[in-house]
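S.K.: Have a look at this one.
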Amino acid sequence: MAVSRAGGWEARILAQLEHREARVATMARVIQSYNQLAGKVGDYASHSREIEARSREMQGEHERLLENYERSGMSSGGSGGVRGNSLAQQRIAELEREVEGLKEERTVLYRTQGTNAQRLLDLSDKMRETDSRLRQQELEISDSHEALRRMTTKLGDVQGALKEKDGTIQIIQDEMNAMHLEINQLEKRNDELQAENDDLVKRWLKKMNEEVEKVNDVTHELELIKRKSAALSPRMGAAVFEDDHFFGAALSAPGHIRGGGSVVPRGAVGKIDARMEELHSIALSRDGQLLAVGGQSNAVKVFDAETGECIYTLTGCLKGINHVEISSDGSLVLAASSDHTARIWRLDTGRQWKSLTGHIGGVVTAKFNRDASRVFTYSQDRTVKVWDTQRGLCLKTLFTVSGCHDIDLLDSDGARIVTAHLDNSIRIWDTQTGRRLAEAAVHKEQVMSVWATRNGPPRVLTNSSDGTLKLVDARTLDVITVMSAPNYHPSRNWARASLSPDERFAIAGSLHGMLYVWDVASGDLIRELDIQKSHICDVLWSPDGQRVYSAEKSRYIMILQ
């Protein structure tokens, strides 16, 4: 029987059947040999009996000849007796030789019979063993047949299930085709609505431009009135603004403290309504003209820092925004989002340019290096990632182990960074090798933010929930200055402190809407301002050091001078 090409259990069963047939054929040959040997043994036994009978007959004849010889010798004499005796002796010798030959032949037959009997016994044992193996193989074949029957039944069930699934797949395909048709209709309708919306937007923009022209005319008239009022009343307030609208800010007023070009703010001169439920972060462009704002809303808003006018609304994030950054050339905006991504927009088009995906937790903070060729992000998955901005690829991943609130760059390229941790420590990292260079527990409670100096020896300003700010030497991690205030209580997670452009002053906001300004060299508190109503999440000096922008969690950004 030829072995089937079927695989698995079918091939094994066919092989077992072929093996059984071969064993049966071998056993048949053994039985045939056994029968032939038994026949020969019977023939040898019959021949032996015949030889014994002939031997007994010859023995009797020999005895009779001897008796006759003795009688004839005793009764007769002469030559005739001698010849008779000679013939008788000759005959007796022949008979004795024949008897001896028959005895030898009988001995050979007995020996052959014994050998055949032993072979017969061996063959009988072998037949019993073969019968036992055949019975065992028959049991195995029976089990294989039973397994074959079960597998055939199971195969039938599987084939039936496959037929049912084929029917289900066909139904799903029909539904998908119907859905594709519906989607095509919806896309067509969406295109129509988009065209209609574009037309409405154009009409709305035209209307808004007309309204803006009217507002500009009114604003011009108000400016003339303010100038006349200022000329008539020099002691009037430095700023004119209402609850929800920015009207402008006065120039430096008497009583301002200056330090190498940076102004220690004296009071609010303007307000920007971000129109968000909750603010998290603000960022200023290098020329101080653009202000980016991120919060609970899924969009980043970019304002004119002078007029408070919203220039861009950058969309694309699926969840709230935790941190925003503007590139040094003012062309890109970077946002860290709770949707596990960091996104980059181009300000020349107002459209999303890159989406940096790879974190498995919400992204807490994101930073550009000086030329915006790299982006550095930290996520709640406890990793810092270094990204190639142009390609949008992750170049290096650093595992921080401890949770982190903030990061900053210690050099313009971002070869070294500093991270602020929940275990009261700051850590210095080499972003090219991924190695941790140094760490120190500089606070008693978690570190909320870090701000690296841009001039002179590398130093880091830290802000902690223990109510202190510290200036730390980034090379040795030794604390240089400690800054605190009796009523300073920063809010957890949203408490970023910053340095003035000349790095002489530090500023931070508290849980109760108070702003605090310290002298970095001495650690003395210079000014305490009751400015905002809810806790302050972020505060920045303008690049020229003449203004301070303070963002409270609930919607408003105050401009101080």
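Placement of Cβ uses the backbone N, Cα and C atoms for every residue, glycine included.
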S.K.: Which of these ranges is annotated coiled coil in TrEMBL: 169-228, 229-288, 349-408?
M.R.: 169-228
S.K.: Would you kindly list the residues that approach the repeat 'WD' (413-439) from elsewhere in its chain, counting only those six or more residues past its ends and only Cβ-Cβ distances under 8 Å?
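M.R.: Here the qualifying positions are 367, 369-370, 374, 376, 378, 384, 386, 396-398, 400, 402-407, 445-450, 452, 460, 462, 464, 472, 474, 477.
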S.K.: Find the average pLDDT over the coiled coil (169-228) in the predicted model and report it.
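M.R.: 75, rounded to a whole number.
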